[in-house]
Amino acid sequence: MTKNYIFITGGVVSSLGKGIAAASLGAILKARNLNITIIKLDPYINVDPGTISPIQHGEVFVTEDGAETDLDLGHYERFIHTKMTFLNNFTTGGVYSQVLKKERRGDYLGATIQVIPHITNAIKERIILCSENSNIILVEIGGTVGDIESLPFLEAIRQMAVDIGRKNVIYIHLTLVPYIATAGEIKTKPTQHSVKQLLSIGIQPDILICRSEKTVPLHERKKIALFCNVPVDAVISLKDVNSIYKIPKLLKNQKLDDYICNYFKLNVPEADLQEWEEVIYAEKNFNNTIVIGIIGKYIKLPDAYKSVMEALKHAGFKNKIKVDIQLINSQEVENKNFQILKNLNGILIPGGFGDRGIVGKLLSIQYARENHIPYFGICLGMQIAIIEFAQNVVGIKEANSTEFDPQCKYPIIDLIKNRPNNSSKNYNKIENRINLGGTMRLGSQPCKLSANSLSRKLYNQEIIIERHRHRYEVNNLLFKKIEAAGLQVTGRSQKNNVVEIIELSNHPWFLACQFHPEFTSTPRDGHPLFIDFIKSAGKHKKNFI
């Protein structure tokens, strides 16, 4: 099977949306019956994003096999219907770690280890390894051309054209074409300079995708084509849109997929984008608008909750409801400032780590429980829902998590068993942590649902598979008293009986789960828990109008 590689680089500034562009292009090519995969190369020194603050990097997307990866992999999965694995994302730190381990073992037979060829060879090997079962491999290179961190990756993809043949490689450069409002003009000079930098590395882009506030007119595209040495048909205008789900159609309308298929000499059927038409239609046509509050501590960067926000939108599509998402800093609720919660039709508390903002989250859960507002807790959102119920309903004021208070007298949430340094008193001391990364319960795990429960009804099956990312879990030895007071466990892991789902029966909609259902939601299908949560929030609005 002939393998064709499409390398996507970025220029001028970061955060132009290379991940969305790669996912959208992948969706179009997948619709042409091509076997697609997408790889993200990240130029930072961290081995993976698992220990990076969400405020700096955005959410950590967990794959089925338990890899902690860049949030762009979430876009890839949602757009191309393909499950990503640990092979689909690697970093400079991961590559150097791999090379240094080999050097320590003596695999290089005493050679002097250098960026070229050892690091670049390792990068190429990882790319090729991930491409085994695909005939089109899209590779997104993080960062911006000109950054020193990206140089080994750029050199590696330059060499790929030499290794496998230039005819099997396309270089796409995504660049900014700014619109200067005071002059009323689009400026192409930054793009020209970015391409010049790319040429200095030895890479001639084949296609330019021009990100701009407005559509780049033909005469400007001709100018870019002339100065950047690409055909005018290969200069694609990608203007700002109000929905990322419009981008596949936007690229298709400019025949980007035709250009690529002709370049690779692929005789494949035209892309049918009907499913994307349906998504766009669902997004525009709704019968109701509701307000959902996400109570968190990383709200300075909305990307920290990217998959949760997308899953809420997907659920809105399925219910013909527009979801207005409000990101609320949990610390603002700590002084019982319930005024900011009054207009919410649903409250969601997502995953997180550490004790900052926990009081505000506990108060938000209490407010939702007592005022019959639909509540959805995810990961940490389940753990603190249990703590809130234990403290305020059961009356166990000492109930807490050892993550927040290692000395607590009633550790209803505690460290996962059988982990290194399992004592929470020791683990919470930084000097006693051998490695923080890779010490969690990660990836897809089976869960058994209780008969006659809401979760069983929504999933319509007894055994479900969902993705996890947590270091703490419910202490089964202390939970019986809480369960007897009315907080039902309706889902447990098959392997070790871990509490996975809780429900409160005397409430319109109160459900929380230890896993992360947002990672498997798609714009076409949504996710059963999110869909019913939004449905319930819609009912709440009608009841309180």
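FYI, residue positions are counted from 1 along the chain as it appears here.
Cβ from N, Cα, C; glycine included.
These come from Swiss-Prot:
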- C379: active site, nucleophile (ACT_SITE)
- H516: active site (ACT_SITE)
- E518: active site (ACT_SITE)
- S14, K187, T188, K189, P190, T191, Q192, K223: UTP binding site (BINDING)
- S14, D147, I148, E149, K187, T188, K189, P190, T191, Q192, K223: CTP binding site (BINDING)
- S15, L16, G17, K18, G19, I20, D72, K239, D240, V241: ATP binding site (BINDING)
- D72, E140: Mg(2+) binding site (BINDING)
- G352, L380, G381, M382, Q383, E403, R471: L-glutamine binding site (BINDING)
- 291-543: domain 'Glutamine amidotransferase type-1' (DOMAIN)
- 1-266: region 'Amidoligase domain' (REGION)
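Ranked by how many other Cβ atoms sit within 10 Å of their Cβ, the recorded positions K189, K223, R471, H516 place K189 at the bottom. E140 (Mg(2+) binding site) falls within a strand when secondary structure is assigned with DSSP. For the region 'Amidoligase domain' (1-266), the mean pLDDT of the prediction comes to 94. When Cβ atoms from all protein chains are considered, those within 10 Å of L380 (L-glutamine binding site) total 24, not counting its own. The recorded positions considered are I148, C379, M382; of these, I148 has the fewest other C-beta atoms within 10 angstroms of its C-beta. Spatial neighbours are here defined as Cα atoms within 10 angstroms of one another, and by that definition C379 (active site, nucleophile) has no neighbours among the binding-site residues S15, G17, T188, K223, D240, E403. The Cβ neighbour count for Q192 (UTP binding site), using a 10 Å radius over every protein chain in view, is 15. Around E518 (active site), the same-chain residues at least 6 positions away in sequence with a Cβ under 8 Å from its Cβ are S307, V308, E310, A311, P350, I378, H527, F530.
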